[in-house]
């Protein structure tokens, strides 16, 4: 493997350490802190000239701070003559602001962030389960989008589910749910038809598919407040579902997520570590966190060796 160097911001230190361990290397020596007035300070304390550099940093909450850390780290490494810089962004914040709905006077912030990263000197982006895959087209540099499905699928198979049915929480998630159903021995598919009157508020309408007496697996890319998820689980149970498991790559968990999940009829919520869990969420017994370190470490190895990323998911 070429001379690679891994650096990490303050967003996901635990995940970064696990990735480094799997690649049998240490995280680079860098100090990412704050000046007394709150401005971000970055100091790279080792030689990176000509190196293949990977910066591991989710742009999760506090989103703006973590994004700015990433941008400033890229600039510091670029000015230190790094050979190639790959931004490893396990969770890409602002991804939900990817379009103008009905010509509303709103920004397409996902494009703004992509422009930031491209302009500051990122050579490549490696991310995980983008909210909308077309966001890759916002970048002027190559983007590799890896998936959490291998990690989540392993847990699904270990549960020995009873006549499982994969459930999409909305029409937009059908492609994702169908892909998981195919991997799960071509399991049946169900869809929850809902309407969202305002942000983070969802009204479940009806269920398309048979869930009576079956274990239901709700799959999504992220869980935010959990309101939509909890109402979906309630609707499934009302339609005779046996157990309800929710799988998502990104545990955003904002607002009343802890309260919503604790008081819900969901049997278990399984997520990954692309976003660290808050102390409050760590206390929620229904939440299980898996690690994406193996998938991301292998993706980094392949990028560094100029190998195919898509071959990781060609099963």
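Backbone N, Cα and C define each Cβ position, glycine as well.
Note that the structure is predicted; figures quoted are calculated from it, not measured.
As given in Swiss-Prot:
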type	residues	note
ACT_SITE	194	active site
BINDING	37, 38, 39, 96, 97	ATP binding site
BINDING	131	Mg(2+) 1 binding site
BINDING	170	Mg(2+) 2 binding site
BINDING	196, 220, 224, 225, 226, 227, 228	D-ribose 5-phosphate binding site
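Overlay of Swiss-Prot annotations on the structure.
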| residue | record | contacts (Cβ under 8 Å, 6+ apart) |
| --- | --- | --- |
| 37 | ATP binding site | none |
| 38 | ATP binding site | none |
| 39 | ATP binding site | none |
| 97 | ATP binding site | 106, 107, 108, 109, 110 |
| 131 | Mg(2+) 1 binding site | 92, 95, 96, 98, 221, 222 |
| 170 | Mg(2+) 2 binding site | 191, 192, 193, 194, 228 |
| 226 | D-ribose 5-phosphate binding site | 253, 256, 257, 260, 261, 264, 269 |
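The secondary structure of residue 228 (D-ribose 5-phosphate binding site), as reduced to three states from DSSP, is helical. Classification of the residue listed as 'Mg(2+) 1 binding site' by DSSP places it in coil, neither helical nor stranded. DSSP classifies residue 37 (ATP binding site) as coil under the three-state reduction. Within 10 Å of the C-beta atom of residue 227 (D-ribose 5-phosphate binding site) sit 18 other C-beta atoms, taking all shown protein chains into account. Of the listed binding-site residues, namely 220, 224, the sparsest Cβ surroundings within 10 Å are found at 224.
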